[in-house]
């Protein structure tokens with residue numbers, strides 16, 4: 001389309017963007033699934049946090065590449081070709097290099113599984129599905145050993161269900177915890193993506209330079225990386241003492257306070273709000289990926305997280321439409337809006353919805369203490 005070989009059609013462009021979105025999320029999910037299977041429960045937060053963090057920072061990295069290379073000659077066509085070749089090559093190589101290994105199984109688990117003969121069967125000559133069956137058995141026993149390390153008494157462990165369930169499909173849709181997480185992801189991720197998608201428009205409405213607006217996209221990506229990697233690490237460090245749900249509460253609190261202040265002090269809070277929203281959103285995604293694997297099981301993690309990720313996409317569309325409608329209500333005859341009024345209502349609503357999500361998270365924490373899930 002850019003070159004002129006294809007007609008400039010909005011529907012055709014939408015179809016291509018759909019394919020790009022599917023491929024992007026498929027590669028992301030594949031890398032997460034592979035490593036969740038290959039690392040044990042006690043390291044899952046760090047591993048998933050690092051992976052989703054790299055995914056987040058990629059937009060900033062590619063933004064820097066474009067700014068210092070292709071943008072100088074305004075070669076958008078060359079940049080898209082560069083992305084197509086690079087991303088497809090990496091995905092193709094990864095398809096052959098990524099292997100199912102499985103976490104290291106303690107000797108005690110091997111004895112319990114009677115695995116003298118079982119482990120011998122798990123070799124390169126065994127079929128993949130048979131190897132996975134062996135791994136699922138050993139992982140279950142391995143997880144039980146790890147949860148004993150957390151606490152001798154399961155009722156004193158705030159994350160006692162971690163790794164103990166294998167829920168997917170219709171059974172997942174009947175689980176109250178899934179829908180509560182879905183609601184949280186819809187509102188918190190939706191409002192964060194509304195912020196990200198409107199960074200340029202908010203800056204323009206408040207007289208910020210175009211260079212600053214471009215730089216803040218990179219800043220958001222860097223802070224997103226910080227939130228994702230740090231929340232994953234902290235979740236592993238403190239999981240013996242506090243529920244992992246508290247990290248969702250921290251993310252929602254950061255976003256709620258930030259967007260409330262941003263609604264009334266947009267110009268003064270522009271840079272700091274970008275930093276805090278990036279950290280809060282990154283922590284949210286990292287924790288959601290981790291909770292999906294430890295609360296519902298890793299066997300069908302791809303399907304489970306895909307179902308949960310619908311909430312993020314739906315929230316982005318919903319709040320994007322809402323902010324656009326509110327912007328248009330304050331626009332002049334030329335469809336331009338200037339001043340804090342353009343996005344104030346949208347960010348007040350964002351603060352309210354995130355505060356509501358904090359209440360839902362506290363309910364989840366309360367229910368988990370009662371062991372009703």
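Glycine residues also receive a Cβ, built from the backbone N, Cα and C atoms like all the rest.
Predicted, not measured: the structure shown is a model, and the values here were computed from it.
Look at TrEMBL and you will find 320-373 tagged as domain 'DCD'. Annotated transmembrane segment per TrEMBL: 12-35, 47-66, 78-101, 178-196, 245-265, 271-291, 303-323, 343-365, in sequence order.
If you look at the transmembrane segment (178-196) against the transmembrane segment (78-101), you find fewer than three C-beta pairs under 8 angstroms, all six or more positions apart, and that falls short of contact. Below 8 angstroms of C-beta separation, residues 32, 44-45, 48-49, 52-53, 56, 181, 185, 188-189, 192-193, 195-196, 199, 216, 219-232, 235, 244-245, 247-248, 250-252, 254-255, 258-259, 261-262, 305, 308, 312 of the same chain, each at least six residues beyond the ends of the transmembrane segment (271-291), sit close to that stretch. Counting residues 6+ beyond its ends, the transmembrane segment (303-323) has Cβ neighbours under 8 Å at 25, 29, 32, 167-169, 172-173, 178, 181-183, 185-191, 193-194, 197-198, 285, 288-289, 292-293, 296-297, 343, 346, 349-350 in the same chain. Remark: the transmembrane segment (78-101) contacts the transmembrane segment (12-35), by the rule of 3 or more CB pairs under 8 A.
On the 0 to 100 pLDDT scale, the model's mean across the domain 'DCD' (320-373) is 85. Beyond the transmembrane segment (343-365), the same-chain residues lying 6 or more positions past its ends with a Cβ under 8 Å from any Cβ of the stretch are 177, 180-181, 183-184, 187-188, 191, 194-195, 198, 201-202, 205, 243, 245-246, 248-249, 252-253, 255-257, 259-260, 262-264, 266, 319, 322-323, 326-327. Same-chain residues lying 6+ beyond the ends of the transmembrane segment (47-66) with a Cβ under 8 Å from its Cβ atoms: 28, 31-32, 35-36, 39, 79, 83, 214, 217-218, 220-222, 224-233, 235, 282, 285-286, 289-290, 293. Residue counts for the domain 'DCD' (320-373) under DSSP, split into helix (H, G, I), strand (E, B) and coil, are 41 helix, 0 strand, 13 coil.
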